[in-house]
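J.: Here it is: the structure, laid out below.
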Amino acid sequence: MKKHNFYAGPSILNEKVIKATADAVLDFAGTGLSLLEVSHRGKEFDAVMAETNQLFKELLDIPAEYEVVFVGGGASMQFCMVPYNMLRTKAAYLDTGTWASKAIKEAKLFGEVDVVASSKDKNYSYIPKNYTIADDVDYFHYTSNNTIYGTEIRKDPDVKARLICDMSSDIFSRPIDISKYDIIYGGAQKNLAPAGVTFAIVRKDALGKVERPIPTMLKYSTHIEKDSMFNTPPVLPIYSALQTLKWYKEMGGVKAMQKLNEEKAAILYNEIDRNRLFVGTAAEEDRSLMNVCFVMKEEYKELEAAFADFAIKERGMMGIKGHRSVGGFRASLYNAMPKSSVEALVAAMQEFEKKH
Ligand code: PLP
């Protein structure tokens, strides 16, 4: 039976990317050694790092005053690295889910945090729209895609404050106006690479404004100055990221990915709205293109386990179960998920509806 990968992570990669990574694990760039064994300071890996950085910038149209760094620690480390480097007195945060609230918790260790709005009252099923950001904040932090709850902010916010954003689960899914941001960061493991590498796009002249001493490893400038080689970089995820970036370029870049993502999500949301058995959990105008969350309608609740069983065991819909905070189902449609898998899921939903 064909398996369809709807998991929310650790990572969803294109077949070609997995194959190219596997090849390099066996023989890296004709060295006769595995990618896992060669020196990260050798000319072959140096070239990988340089090309990854260059393609990353090219695909996202990143202006010259920014630098891209690859570090460890996951997006969770960025929750503290951001305020460590950027929070002088006060920052504004938008609370749209578990990850946003974890970022808020860390920021509070460094200064005043104004949580301008929260959608916790409705289990984070919508994006708050009415809030004011004080004029004197150092930055406004938000999470563009709420992986667990299936809500997404798909337009770069129009606010006066400088933006900082956690784009862990929707980077490379659409074009971004980078100039509005001081930092964009994310764990690379959804749309870019296997888990183990974290990216940060940093506006260089926004750094160096806080007075507190910052440990060397937690300073963005350390990693900028050393081209992400201050310490041993995670070579395999970086190599794999390069393969993904090459694939994006071949596919037509982020605009092409956006079109594909809109098509895939529309196919599934249309079915959720049409099908008698299911209902979406996120507010319609805030629906994520990356993580589609849905449950059985109240009157069909007792069919939930049966649908999970049918979809997973009989139709190969892997990872379709929802996060425990929402329940029901979550279909993650990251860039690498083919349209044919979404169509297969819709067919399974229709088949199940006919039987019940
Ligand atoms: N932010 C978002 C939006 C996420 O989806 C995740 C993980 O899924 C994280 C942060 C945490 O990332 P990491 O596990 O790399 O620390």
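Each residue, glycine too, has its Cβ placed from N, Cα and C.
Pulled these features from TrEMBL for this protein:
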BINDING   R41  L-glutamate binding site
BINDING   A75, S76, W99, T147, D166, Q189, N231, T232  pyridoxal 5'-phosphate binding site
DOMAIN    5-345  domain 'Aminotransferase class V'
MOD_RES   K190  N6-(pyridoxal phosphate)lysine
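Where in this structure would I find these features, and how exposed are they?
T.: With a cut-off of 8 Å between CB atoms and residues at least 6 apart in sequence, the same chain places M229 near R41 (L-glutamate binding site), listed in sequence order. In the three-state DSSP scheme, R41 (L-glutamate binding site) falls into the coil class.
Contacts of T147 (pyridoxal 5'-phosphate binding site) defined by a Cβ separation under 8 A and a same-chain sequence distance of 6+ are given as A8, G9, G97, W99, S168, S169, K190, M290, N291, S332, in order along the sequence.
Across the domain 'Aminotransferase class V' (5-345), the prediction's mean pLDDT works out to 97.
When secondary structure is read from DSSP and collapsed to three states, K190 (N6-(pyridoxal phosphate)lysine) falls in the coil class.
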J.: List the recorded positions R41, K190, N231 whose Cβ sits under 6 Å from any atom of ligand 1, in sequence order.
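T.: Among the recorded positions listed, not one has its Cβ under 6 Å from ligand 1.
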J.: Inside 10 Å of the Cβ of S76 (pyridoxal 5'-phosphate binding site), count up the other Cβ atoms and send me the figure.
T.: 16
J.: Please report the DSSP secondary structure of T147 (pyridoxal 5'-phosphate binding site), reduced to three states.
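T.: T147 (pyridoxal 5'-phosphate binding site) sits in coil per DSSP, no helix or strand.
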